[in-house]
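Visitor: I am attaching a structure below and will ask some questions about it afterwards.
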Amino acid sequence: MLLSVPLLLGLLGLAAAEPAVYFKEQFLDGDDWTNRWVESKHKSDFGKFVLSSGKFYGDQEKDKGLQTSQDARFYALSARFEPFSNKGQTLVVQFTVKHEQNIDCGGGYVKLFPGSLDQKDMHGDSEYNIMFGPDICGPGTKKVHVIFNYKGKNVLINKDIRCKDDEFTHLYTLIVRPDNTYEVKIDNSQVESGSLEDDWDFLPPKKIKDPDAAKPEDWDERAKIDDPTDSKPEDWDKPEHIPDPDAKKPEDWDEEMDGEWEPPVIQNPEYKGEWKPRQIDNPDYKGTWIHPEIDNPEYSPDANIYAYDSFAVLGLDLWQVKSGTIFDNFLITNDEAYAEEFGNETWGVTKASEKQMKDKQDEEQRLKEEEEDKKRKEEEEAEDKEDEDDRDEDEEDEDEKEEDEEDTTPGQTKDEL
């Protein structure tokens with residue numbers, strides 16, 4: 001069967017538009033994830049990941065992910081996929097993070113490694129290609145890391161991208177394009193974008209200060225100068241402090257015992273401070289001298305800053321003080337639209353019901369605490385009333401005793417008489 005040229009081109013176009021999905025993990029097959037993910041044995045006390053949807057969720061099955069389960073631990077877990085290079089194509093890295101433990105200090109990022117990584121020996125110093133995701137530690141660190149390894153050096157972004165710091169699930173997306181531009185999205189909304197060359201110090205600067213240039217000796221940068229015609233008034237100089245004219249020597253002052261009496265000093269009302277001549281515009285002012293720049297001979301453009309020869313492993317290599325973070329919905333692809341759609345079909349579908357469940361739990365907890373508080377107050381009031389009743393009974397007994405004593409004493413006296 002022969003196909004027409006337009007139809008053939010259309011089919012080829014559809015094939016070309018098909019997204020390449022290099023890695024996708026949603027943990028929808030129970031414990032089978034343990035066959036795909038490898039624990040590092042570099043340290044014997046790495047923390048353990050467990051499969052969990054957490055204390056609250058939008059869908060108990062769909063929201064299951066890898067959860068950190070031990071406090072104050074390093075974690076090192078990774079999954080391998082078919083190696084690929086992003087040369088000539090877009091790279092999209094996406095995943096969800098939920099810090100349901102209200103994290104105080106810990107990482108929520110991922111690392112992409114080359115195929116040479118020994119997964120069973122993965123650790124904090126293992127060389128990676130890209131590190132991306134949220135990192136929180138106290139009030140001072142709440143950022144999204146975007147770190148590229150360029151020629152063996154880890155290069156941090158020059159911008160500060162703030163991460164989400166609540167207890168809900170959030171979608172993090174990094175897009176790296178072959179035109180050396182990038183985009184960072186949180187919850188499918190752009191929070192940062194720009195040029196790799198501009199926002200990271202991969203390359204030496206294009207321009208440098210001309211080493212042969214120097215500011216001319218007669219270059220005057222003073223906008224104002226002292227008025228040469230101005231002079232200090234003759235009566236300007238007055239002492240800052242003077243003896244108090246109203247002070248009097250105490251009548252009982254004994255100079256032989258107390259020494260010579262000196263009046264206390266006070267601020268001089270006529271003191272004017274240091275005299276300075278008035279300022280006038282400098283007729284020789286030339287402005288601030290700007291060091292001329294020249295092309296940096298060490299600068300060489302690199303059209304392939306974005307590109308890596310090998311991506312083959314996604315790893316969770318992080319530290320957490322308080323455990324409970326859940327990682328889910330991992331995706332590595334070359335298609336921005338597909339990643340956005342995948343985010344909407346996963347995080348986007350369950351986010352509202354997740355919040356509803358959390359709100360319901362919070363309300364139930366609030367009511368429980370109110371009931372417990374009410375019960376505690378009632379018990380305290382009952383105890384107070386019981387103590388008060390006991391005191392009243394004691395007082396009544398004391399009164400009766402006193403009355404009996406008063407009645408008995410006169411009778412005894414009469415009998416004795």
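The backbone N, Cα and C atoms fix where each Cβ goes, and this holds for glycine too.
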Visitor: According to Swiss-Prot, which residue among CYS137, CYS163 is joined to CYS105 by a disulfide bond?
Guide: CYS137
Visitor: Out of GLN26, GLN94, GLN356, GLN361, which is the one Swiss-Prot records at the Ca(2+) site of LYS62, LYS64, ASP328?
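Guide: When Swiss-Prot describes the Ca(2+) site, the candidate it includes is GLN26.
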Visitor: Need the matching range: Swiss-Prot marks motif 'Prevents secretion from ER' on one of 158-161, 270-273, 414-417, and I'd like to know which.
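Guide: Going through 158-161, 270-273, 414-417 one by one, Swiss-Prot flags 414-417 as motif 'Prevents secretion from ER'.
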Visitor: Of GLN26, LYS64, ASP328, which is closest to ASP135 (alpha-D-glucoside binding site) if I measure between C-alpha atoms? They're all binding-site residues.
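Guide: So, spelling it out, the nearest of the binding-site residues is ASP328.
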Visitor: Same chain only, sequence gap of 6 or more: which residues have a CB within under 8 Å of the CB of TYR128 (alpha-D-glucoside binding site)?
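Guide: Looking at Cβ-Cβ distances below 8 Å from TYR128 (alpha-D-glucoside binding site), excluding near sequence neighbours, one finds LYS111, LEU112, PHE113, PRO114, LEU117, ASN149, GLY315, ASP317.
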Visitor: Which residue counts does DSSP give the compositional bias 'Acidic residues' (380-408) for helix, strand and coil?
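Guide: Output for the compositional bias 'Acidic residues' (380-408) reads 29 helix, 0 strand, 0 coil.
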Visitor: How far is it from LYS62 (Ca(2+) binding site) to TYR109 (alpha-D-glucoside binding site), counting Cα to Cα, in Å?
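Guide: About 21 Å separate the Cα atoms of these two residues.
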Visitor: Which residues, in sequence order, are found in the same chain with Cβ within 8 Å of the centroid defined by the Cβ atoms of GLN26, LYS62, LYS64, ASP328 at the Ca(2+) site, excluding those residues themselves?
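Guide: Going along the sequence, the neighbours appear as PHE27, LEU28, SER53, GLU61, ASP63, GLY65, ASN329, THR346.
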Visitor: Using TYR109 (alpha-D-glucoside binding site) as the reference point, find which of the binding-site residues GLN26, LYS64, ASP328 has the shortest Cα-to-Cα distance to it.
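Guide: So, spelling it out, the nearest of the binding-site residues is ASP328.
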